[in-house]
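Q: Annotations for this protein, taken from TrEMBL, read as follows:
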TRANSMEM  C:7-24  transmembrane segment
TRANSMEM  C:30-48  transmembrane segment
TRANSMEM  C:76-96  transmembrane segment
TRANSMEM  C:116-134  transmembrane segment
TRANSMEM  C:146-170  transmembrane segment
TRANSMEM  C:190-211  transmembrane segment
There are 4 protein chains.
Amino acid sequence: MTIAKAVVEFIGTFFLIFTVGMTVKTPDAAALAPLAIGSALMVMVYAGGHFSGGHYNPAVTLGVTLRGKCTWGDAIAYWIAQFAAAAAAAGAVLFIKGTGTPAPGPAAAGTTYNVAAWFLGEFLFTFALVYVVLNAATAKGTEGNSFYGLAIGFTVVVGAFAIGPVSGGAFNPAVGLGAFLMGLADPTHLIVYLLADFAGGAVAALLFLALNMGGDRP
Amino acid sequence: MTIAKAVVEFIGTFFLIFTVGMTVKTPDAAALAPLAIGSALMVMVYAGGHFSGGHYNPAVTLGVTLRGKCTWGDAIAYWIAQFAAAAAAAGAVLFIKGTGTPAPGPAAAGTTYNVAAWFLGEFLFTFALVYVVLNAATAKGTEGNSFYGLAIGFTVVVGAFAIGPVSGGAFNPAVGLGAFLMGLADPTHLIVYLLADFAGGAVAALLFLALNMGGDRP
Amino acid sequence: MTIAKAVVEFIGTFFLIFTVGMTVKTPDAAALAPLAIGSALMVMVYAGGHFSGGHYNPAVTLGVTLRGKCTWGDAIAYWIAQFAAAAAAAGAVLFIKGTGTPAPGPAAAGTTYNVAAWFLGEFLFTFALVYVVLNAATAKGTEGNSFYGLAIGFTVVVGAFAIGPVSGGAFNPAVGLGAFLMGLADPTHLIVYLLADFAGGAVAALLFLALNMGGDRP
Amino acid sequence: MTIAKAVVEFIGTFFLIFTVGMTVKTPDAAALAPLAIGSALMVMVYAGGHFSGGHYNPAVTLGVTLRGKCTWGDAIAYWIAQFAAAAAAAGAVLFIKGTGTPAPGPAAAGTTYNVAAWFLGEFLFTFALVYVVLNAATAKGTEGNSFYGLAIGFTVVVGAFAIGPVSGGAFNPAVGLGAFLMGLADPTHLIVYLLADFAGGAVAALLFLALNMGGDRP
């Protein structure tokens, strides 16, 4: 059962990161990449959420596990599947687009943001993403809703529009690894993605529990 | 309980106004800022609506309170949280983007709208926003729906496309304050945002009650 | 009761046509006008659908009445409210934008479509709109759904992208009247909007009944 | 009953492919064609899904039939209706736009992808589309949801942004035929659309069954 769920995590993470690569990496980067990427997450959450939870993001898996809706055993299997999917998606993108194209810089020409701004942006929107996931998919107050995929996917749309020019906009350590393997991010960015994104997810889960947003306590 | 709900109002308002600043303020203003801003509201309504009501807007809090679905005590706490979030979001945007960049004018080069047009535009779409909130989130005829966040968030998408070039398109006194603090709005605009937006919210609530759209009376 | 419902029809139609004028008429026409216009319809359907049915379109009112879900008495009141809202919205747009700006041509520079193409495009997408309304809002097979506003509004998004450059893309006689009053359409276009749009709505209703899509017959 | 359902399949497929032609074929190709095309699928799935299943795609019909939710008799009628709708939509587009305009190449000027890349892109996103359809519309774990049209339509939005510049982005043999008849695709592309898209749909159905995502087995 854990294996079947990990396969679903692999599929969803693969399509998320494959879409990142196909819409951000030149040639043929898309002006609406944030919409495409967030929508990729949305449709995969709607497809696989009922089966694996539809995390597709190691920081989400951390948050959901801290909140008590995923076992640590499943979490380890999910992390392996998610990072493996990042490598597979990077391979597929490089097969289609080739390796020779230079990566676009994450910030507009002539503008630079410092590493504290990267960290803050990544932390804030990964916090927002896990906060939305926990409320839309694990709280008593929203049980049986049909909006969870829309809410989760469009948090990434918003974050990518808002923070994309600053840090690249990963909000997901597996996306960070995939971007690194595709030549879209340098090692410093990868370290920020790992540290800030796991931290944002953990803080969101702890706040969710402290406020009793899940409705677990009377 | 009021404090926990006010924290949720702070979080949602923070991300709404942080997204406004990151997508409207140069450098790296986004062509699709209206979509990003309305979607930020949508995802935060879906995340926190079940807990605090998901107002994130002092004019919405006024309208919901006049309609009888929020106490005046909670309303005051919400207003404090919402305006505090505006200040915090403005600080975060200025930390990332810096204070030296000139703000873009709210209207296209060579075009000017008069202050009556600003007021009318702000009044109309804040009316629309509160009208949508009350019907989608407090009416018997729509109980248990999954569309409330989509309807509320996309009212702001529409208003920002339609009225953004005229008045800036706040439809929310806290957004108006945040825009002012970030250098995106001058004092005259701020006054219009405060007057027109509270007026629009109040009129929407009174009309909603007069028409018995909530289904409270037989 | 009919009066309260007609007020709701007036409000929804007003915001739909006000958005058309603010995003299509220069200055400050929006590149994403189709998305804004369809979303305006979506949010107003979600707000008023539970109360008046959320038609905001004389051709939809005709189709819903032929399908038996609206009385002819209500239909007449709705038509009056819808066309009155078109006049009011045109007045508000002209107040804000002024009357001196030349209207953009409906077709791209150097391209012309003939009147048969206008008629076909208008007929097809008004057919699609009423077909979607009847299935999403009046069929047994979709009772209790939360997607009706999204489906209805985005039919107009699609139609405006597909047919906008050909005929202007009204799919709604009241929108046609409003566009004419704002100087966005000439008398020939107005005649096409009236004939093709009512025809499309009627044919959709008759087909819906013939196929028993509502599930009324065993 | 099969005939009425095939009529609904014809209508939905017609509007999907008519939208493809109107937004992709010059003159007046739309920058947001992927959003328009995916939304066309979304609204038609919401309109006709309760009646025919809302396939509008021979590869989806193959996948749903392999999964056991459509009879082979219905499948044959659906395929006939879908390919006939492709021809009718191509005729309507050529009537409106004329036949003299040169088709734009599927890839950006100066960039070429090889046929293996076309095949991989088409295979992957048709797999994703059928995977989303089966989970959102035929699985016990998602019964009664209101998101199926959004999930299905936006899978095509994502695929068209991600793969459109590579292969044209059909993910649907009937769309492939329509594009060929409108002069938007050459014979080599049509062969790829037929082979890769049916293969992607079949593999998605077999994986769905192997993982027991439908919840049919205990």
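Glycine too: its Cβ is placed from the backbone N, Cα and C atoms.
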Q: What same-chain residues lie close to the transmembrane segment (C:76-96): Cβ under 8 Å, and 6 or more beyond its ends?
A: 2-3, 5-7, 9-18, 20-22, 25, 52, 55-58, 61, 70, 173-175, 177-178, 181-182
Q: For the transmembrane segment (C:7-24), could you work out the same-chain residues 6 or more beyond its ends whose Cβ comes under 8 Å from its Cβ atoms?
A: 30, 32-33, 36-37, 40-41, 43-45, 47-48, 51-52, 54-57, 77-78, 81-82, 84-86, 88-90, 92-93, 96-97, 104, 172, 174-175, 178-179, 182, 184
Q: Counting CB pairs under 8 Å, which listed stretch among C:30-48, C:116-134, C:190-211 touches the transmembrane segment (C:146-170) the most?
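A: When the Cβ pairs under 8 Å are tallied, C:30-48 comes out ahead.
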Q: Cβ under 8 Å to the transmembrane segment (C:190-211), counting only same-chain residues 6 or more beyond its ends: which ones?
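A: Cβ under 8 Å, 6 or more out: 58-60, 62-64, 66-67, 115, 118-120, 122-131, 134-135, 167-168, 170-173, 175-177, 179-180.
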Q: What same-chain residues lie close to the transmembrane segment (C:116-134): Cβ under 8 Å, and 6 or more beyond its ends?
A: 55, 57, 59-60, 63-64, 67, 151-152, 155-156, 158-159, 162-163, 166-167, 169-172, 189, 192-193, 195-197, 199-201, 203-205, 207-208, 213-214
